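S.K.: The structure is given below, and queries will be raised subsequently.
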């Protein structure tokens, strides 16, 4: 059976640390969607590993790792990331696999990502993408003109000529759209001739791989990238990523049935953050927001961008819980709230004097909502040295209990610092 770790807000919740802890007990770790547009750091002993595209299970020497069919891969970045972790002593090539059905991100996708953002910025509608080419790649995938891993590595007669033709055609359509941007497709073809040989040993048919793992009762951990509020269908569209970041994307991205999933862990930051543009009802453009930003070190791993910060939003989390069906939650960064006198939690939205039933799909409404806040007392004490959940200040436990009751979902872990030892386990009935 498979356990799944998903982000419940707008990303950067701290999924990597939970995955890191759970990785000690698993046989297979799989990514199901996204690309190298996410990022987190895992610390093992004194060594820090930065992950963007590769599965975190690589830090476990007994764990097999898969990039599933829903993942999009920039092959040069794949090897750069692999080399960076190998240079730190991690031997993992024989434990890393890539689905033959993954779509490929090329440099021209990244170029057009930037051009699209420039175009949108003139109308003040830029999305604030990472510029990694993820959106344009999913766009070519959806339009059925994309190039998959098997197109690159196939050794069937005529396969390489087909790859060349596909790439030339794909670049040509983008140059018609954006003008003759600086991109030498013939040089790119030469470059990918070698990359095809390098990538081929990693490539497998991921569907039987996952089926056999499930059939053999292997312990499987699936790590979602991004988060529910960035989901293409259920997020704050169009200020979203280009894949399904919820539980649905797990099944479609790996080719597994819902019945193969056991636990769904939702990772929740104790407050709310967001990177890039888009509505953010509980955002605090004041000293509270600055405090959360500075104490929480809210800067992106992938882009280095400063994150927007605000109070915990239970309207968002309720919506996220309804869609993903979390079996339990991991609250992270509780310690960032340690010095605040009082805490506000959004428990509803009002629009034109009317309380909304759920998180609205209309951004014009979302930008105008008035948050209904519940105020809870802070605990004004350092939680970073606490090693047992029972030792938390009473007001901290009341804060967690409030979240559990509102969402009707138990909290299983609470994070009070950056290290593994800072993750407190809480009994779940």
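Cβ atoms are placed via backbone N, Cα and C, with glycine included.
From Swiss-Prot, for reference:
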type	residues	note
ACT_SITE	12	active site, proton acceptor
ACT_SITE	40	active site, proton donor
BINDING	11-17, 39-41, 307, 333-335, 415-417	GTP binding site
BINDING	12, 39	Mg(2+) binding site
BINDING	12, 13, 14, 15, 37, 38, 39, 40, 130, 144, 226, 241, 305	IMP binding site
BINDING	301, 302, 303, 304, 305, 306, 307	substrate binding site
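Looking at the shown structure, what environment does each listed feature sit in?
M.R.: Residue environment of residue 12 (active site, proton acceptor) contains 27 other Cβ atoms, counted within 10 Å of its Cβ in all protein chains.
In this structure, residue 40 (active site, proton donor) is part of a beta strand by DSSP.
Residues near residue 416 (GTP binding site) in space but far in sequence (CB under 8 A, at least 6 apart, same chain), listed by position: 334, 335, 383, 384, 386, 392, 422, 424.
Under a cutoff of 8 A between CB atoms, and with a sequence separation of 6+ in the same chain, the neighbours of residue 307 (substrate binding site) are 12, 273, 274, 275, 293, 298, 299, 300.
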S.K.: Of the recorded positions listed here (40, 130, 226, 304, 306), which is spatially closest to residue 17 (GTP binding site) when Cα positions are compared?
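M.R.: Of all the candidates listed, 40 is nearest in space.
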S.K.: Among the recorded positions 17, 40, 305, which residue has its Cβ surrounded by the fewest other Cβ atoms within 10 Å?
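M.R.: Each of the recorded positions 17, 40, 305 was scored by Cβ atoms within 10 Å; lowest is 305.
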S.K.: Looking only at 12, 13, 14, 15, 37, 38, 39, 40, 130, 144, 226, 241, 305, the residues listed as binding IMP, what is the longest Cα to Cα distance in Å?
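M.R.: Taking every pair of listed residues, the largest Cα separation comes to 34 Å.
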S.K.: Using a 10 Å radius around each Cβ and all protein chains in view, which of these binding-site residues has the most neighbours: 11, 39, 304?
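M.R.: Counting every other Cβ within 10 Å of each candidate, the maximum falls on 11.
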S.K.: What does DSSP call residue 334 (GTP binding site) in the simple three-state scheme?
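M.R.: Its secondary structure by DSSP: helix.
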S.K.: For a quick check of packing: other C-beta atoms within 10 Å of the C-beta of residue 226 (IMP binding site), how many?
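M.R.: Other Cβ atoms found within 10 Å: 28.
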S.K.: So which binding-site residues are near residue 39 (Mg(2+) binding site), with CA atoms within 10 Å, out of 130, 226, 305, 306?
M.R.: 226
